[in-house]
Amino acid sequence: MSLPTERAQTIAHVLIEALPYIKRFQGKTMVIKYGGNAMVDAALKEGFARDMVLMKLVGINPVIVHGGGPQIGSLLNRLGKTSEFVQGMRVTDAETMDVVEMVLGGLVNKEIVNFINRHGGAAVGLTGKDGDLIRARKLLITRDAPELQAPEIIDLGHVGEVESIDPAIIHMLTKGNFIPVIAPIGVGADGHSYNINADLVAGKIAEVLRAEKLLLLTNTAGLLDAQGQLIPELDVGRVQALIDEGVIQGGMLPKIRCAIEAVQSGVKSAHIIDGRVEHAVMLDLFTDTGVGTLIRGR
Ligand SMILES: Nc1ncnc2c1ncn2[C@@H]1O[C@H](COP(=O)(O)OP(=O)(O)O)[C@@H](O)[C@H]1O
Ligand SMILES: CC(=O)N[C@@H](CCC(=O)OP(=O)(O)O)C(=O)O
């Protein structure tokens, strides 16, 4: 059976447009942060899994770091608990930490692994505890306000930041043709688990792996300005003003901060893209136009 000519031409055009990108990125590492808000329905999850398998097949090494904020929230709700967020971070008491570990290390991680494997890939799920991948320390954030004499230190409970990354397990998996799928849970020197914002983990892993790109999949078209319009390329010099004006807030704060840190530490570029668009990763990697907001490295 032959394809209608128009469709066949579209397919040929897409493949030809992708070719130089496939050549350029072969052997390179792409760190993909898969946000909980981008895991909307089965079709999108399948599309994401297929994109990962295709990348691997054409010789690019995807390393996935996933979130799962909404999924943690819904289990907490079922248990009659609510969360408070400070600067985009979930205040995490001991009970909440158990739920975070169950949801991120268990349900969400294994669902992604399963989707990829069902589409012909070989994914392996990890938390930061496996292979001592993510060493964490307690995160202390400060709040400054005119009525305060000195900045106030806010204790978020079991919330951590990345102290160090040991990429040995990632190298081993990549060499063996596996796709690592990493949940953002770190372990402290005391052996305790820490809940780390997934954007922060993705940024650090991208730095340590000297990734070609850091792709942050979320539920907006990218970074939006005060009028709700997409900012196609971020001028890093404008970020503080955008924060002060309240344009960048909530979950976008850690995303932008980690993207900037990553490109300042050697990652070639970071991209905030709309995970609600089917095959968003392919569109960003393999087309001339790209999608979302680009944060260029030096
Ligand atoms: N300037 C902005 N542009 C886009 N989104 C923004 C902006 N400021 C705040 N946000 C919020 O950040 C959210 C994305 O962060 P988050 O909820 O943590 O998503 P994810 O689960 O993908 O990490 C958006 O849904 C939006 O509500
Ligand atoms: C400290 C902190 O806030 N941790 C996050 C970890 C999950 C995450 O980052 O998920 P998304 O990427 O889907 O937002 C949380 O508890 O929600």
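Every residue, even glycine, has its Cβ placed from backbone N, Cα and C.
Record note: TrEMBL gives G68, G69, R90 as substrate-binding, and the candidate from N195, N219 in that site is N195. In the three-state DSSP assignment, the secondary structure recorded for G68 (substrate binding site) is coil.
Of all the binding-site residues given, namely G68, G69, the one with the smallest number of surrounding CB atoms inside 10 A is G69. For R90 (substrate binding site), the same-chain residues 6+ apart in sequence whose C-beta sits under 8 angstroms from its C-beta are G69, I72, S83, E84, T96, V100, L156, V159, N195. Non-local contacts of K33 (site 'Transition state stabilizer') by the CB criterion (under 8 A, 6+ apart in sequence, same chain) comprise V65, H66, G67, A198, D199, A202, L214, L215, L216, L217.
Contact annotation for recorded positions (K33, R90, K255) versus ligand 2: R90, each with CB under 6 Å from a ligand atom. For the substrate site, the Cβ centre of G68, G69, R90, N195 serves as reference, and the other residues of the chain with Cβ at most 8 Å from it are G36, G67, I72, G73, T92, V100, V103, L104, P184, N197, A198.
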